[in-house]
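According to TrEMBL:
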type     : residues               : note
ACT_SITE : Glu380                 : active site, proton acceptor
BINDING  : His379, His383, Glu402 : Zn(2+) binding site
COMPBIAS : 40-62                  : compositional bias 'Low complexity'
DOMAIN   : 74-273                 : domain 'Aminopeptidase N-like N-terminal'
DOMAIN   : 307-534                : domain 'Peptidase M1 membrane alanine aminopeptidase'
DOMAIN   : 610-707                : domain 'ERAP1-like C-terminal'
DOMAIN   : 717-874                : domain 'ERAP1-like C-terminal'
REGION   : 38-64                  : region 'Disordered'
SITE     : Tyr468                 : site 'Transition state stabilizer'
TRANSMEM : 12-33                  : transmembrane segment
Amino acid sequence: MGKGFFISKTVGILGIIAGVGALATIIALSVVYSQEKGKNNNQNEEQTTSKPPTTTPIPSNKPWDKYRLPKNLVPETYNVTLWPRLTPDPTTGLYTFLGSSVVDFECVEDTDLILIHSNKLNYTEFENQLARLMSVSSVEAPAIKSSWLQGVTQYLVLELDGTLKKGHKYRLYTEFIGELADDLGGFYRSEYMEDGEKRVMATTQMQPTDARKSFPCFDEPAMKAYFFITLIHDRGTTALSNGKDIETTEINHDGQDLLKTVFERTEKMSTYLLAFIVSDYDSIGNSIDGIRIFARRSAIAAGQGQYALNKTGPILKFFEQYYNATYPLPKSDQIAIPDFNAGAMENWGLITYRETALLYDEAFSSNSNKEKIATIIAHELAHMWFGNLVTLRWWNDLWLNEGFASYVEYLGANNAEPEWNVTDLIVLGDIHRVFAIDALASSHPLSSKEEDIQTPAQISELFDAISYSKGASVLRMLSDFLTEDVFQLGLRSYLSAFSFGNAVYTDLWYHLQKAADSSKLELPDTLDNIMNTWVLQMGFPVVTINTGTGSVSQQHFLLDPEAVVTTPSPFNYQWIIPIKWMMTGNMQNPLWLTSKSETSEAMKATQDQWVLANVNMVGYYRVNYDDDNWAKLLDVLQSNHQLIPRINRAQILDDAFNLARAKIISTVQALNTTKYLSNERDYIPWKAALNNLDFFYLMFDRSEVYGPILTICSFSRIHPNLRSTVYCNAIAAGGKKEWDFAWSQFIKNDSTAIESDKLRYALSCTKQPWLLNRYLEYTLDPDMIRKQDATATIVDIASNVVGQSLAWDFVRARWSYIFSQYGGGSFSFSNLVNGVTKRFSTEFELQQLKQFKADNSDVGFGSGTLALDQSIERTIANIKWVEENKENVLDWFTTEANAQ
């Protein structure tokens, strides 16, 4: 075929591919790749395919042994053509993709070396080198002296026989092939059933470091460039990418009918936001707003994309107003992927989702499913500006990107569904969630030093609850004490200043400070100094208020007060704390706690007065009071609980239970906060109570304490999703027949992802150990359980008291396989480690956990590394708590049960 097959713009490329039939070369490359993968003999030709060498990392100071790119080359444009093969090679059974890339870059510092990221790609050789280099300016390009693939640091290395000159531009051309694997990273394949037939699609997940698995690129967030994408695909399929499709033409090669879709140039963007997809999906859309929802044909036909379509437009318009900036792109595509490791991904102009995060079916989906879809859509759309238009310079500031989207997702969803009070749910979904982790001595600060985050594994570890939920919580607090108007003013200035560029978190502080100054807002210190106490040290404080003396003090809150904190703090674990508070139901002037302890005359209460601090829980801290004020608050809850705001009723419950775990108040005092719940009709306080009582289940459901607890709290086990509850209880009460029936419904359900998810969870509810063991085996067979759901299914089984030890034994025995096959970089690995160990509360389990860490140190734990240390610390705390509280808990629940 013509040379334009590979490059959407052919200017300057003819010299590169002169005399080479690009399509023929790529097809030949496919054959060679299949032969290599099949361990067949490779024929030596003038153009051959290189095989990544197996190398042992040797410490050196060479540039190719460092994980960060040198700053001497800056990409400007890429022309990338890819051809995913959606049928396997008949010899090897492998799925592959073929491609070529031209990257134009500027040299900003003289160098005789080109480093460009590449991972798991095999290259065509040109005159025994893995690439071709030419100049696009007045100087001649030096020849390539040697080239190789550096596996550990994931580079294509090109040593030059001469120097690239500062201020001049060059062009690098490569042809390559990769495996279209089912590993959920880079350019990969997803499979699903439609009308009883297996369908295969090609899709992508680049964040954080997998664009280099798709084509050679400068794969760092600050290396922004423009991209011209062309996709070759089978007839009957549709190709999508970040840009709008310009044209799709029919082509033919050796009797094979194909399509070539060319996309318009992207805006200047980072590699991790790229996406390209080939599928036979259908779509619905709104031509006026340029919004389209793509999904399996049966899902679209069933109307499952309609809710997302209805809400995307209003949410986009909300963010346009919020940022005071129009949506930067001409289209907004959203697509549901059957196999997808994350919840969703904010690829610019082509957002990818798990099916359960985008598709809504009235017949099977609950209101909680609808709320989840609305907030996830809002999260991803928020990134279109904050993260995509303005991008973090390096991954150490990931928290700002994800924390911001995790905060404003509630604002966007609330605008789309104003009757739901979605904004209040951040307390349950993020603040309470991350408190449990950030109260450990093994936690970590929001922002890391740039030099401490180097490897892909270190980057992946940052995708945790601290980055997402603590980031959201701290930014919510910031927005509150600045006021939303000032916050938006600074935010808009920041986005305007750094559009299509990169920034660090202090750039945002600078623009927010300017907004505060222009609004004449009084703060106790500079914004930078205030926020650094929350960003640069881990953990959070507990504020203790003595309403008798007016004393207000702070200390680092630790779930285990005996835990040794080894991480140094530049602020000695003190924070500059904004305190919104009320006296006997009336709001008072806010206070700032800027030292370890201060005295506030205003907080002294008379016998008839009570103090409530952290109103609406806008501050990222817990609150403790003197005994008299605690007693008054409990009296108010019993007599007229609505005098206390709904969120603060949840706060009192959650603070009390966690203060008790930290030995600051008694466990009996915390349990007494639940007595008013018979009068409570709001969801948030109830959910906060149930979440804390669930800890009692986990600690005591294998002991004699469980009986009295069940007598009092059996109603609390009813999940708000009735369909899941019915399925779970039916399988728990049944045996093999019921389990097999549910399994048959699960495997044949190929139309509704949410229904499949409910069945998958319910299958973990059986009380039969042998069925749970069989189910565990299924989790590692992608034909049984999708890879995206494997770790979640193991955690579901571990949540079943019968399955706890089975799941733990399974993970220990199979860790090496799980880690290698399911990706140590997966965000889900931290959830797996936490999920299978959350019930641990004995010395025997602690020793098993420590042994597991030692036995697998050579394998590694990927994104679960920090979670493992947190699980060990949590287990130690649980052991102490059970020893100290078992008798008191038994007495309290026995007394309450007898009183009924």
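Positions of Cβ are set from backbone N, Cα and C atoms, glycine also.
Worth saying up front: this structure is predicted, and the values here are computed from it rather than measured.
Structure with TrEMBL features highlighted.
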| residue | record | Cβ neighbours (10 Å) |
| --- | --- | --- |
| His379 | Zn(2+) binding site | 27 |
| Glu380 | active site, proton acceptor | 28 |
| His383 | Zn(2+) binding site | 25 |
| Glu402 | Zn(2+) binding site | 25 |
| Tyr468 | site 'Transition state stabilizer' | 24 |
For the C-alpha pair, I'd like the distance in angstrom between His383 (Zn(2+) binding site) and Tyr468 (site 'Transition state stabilizer'), rounded off. 13
Average pLDDT across the domain 'ERAP1-like C-terminal' (610-707), rounded to a whole number: 95
Spatial neighbours of Tyr468 (site 'Transition state stabilizer') among the recorded positions His379, Glu380, Glu402, using Cα within 10 Å, are Glu402
Compute the C-alpha separation of the residue listed as 'active site, proton acceptor' from Glu402 (Zn(2+) binding site), stating it in Å without decimals. 10
Additional residues around Zn(2+), ordered along the sequence, whose Cβ is within 8 Å of the centroid of His379, His383, Glu402: Glu346, Glu380, Ala382, Phe386, Gly387, Asn401, Phe404, Ala405, Ser406, Glu409
The domain 'ERAP1-like C-terminal' (610-707) resolves under DSSP into 67 helix, 7 strand, 24 coil
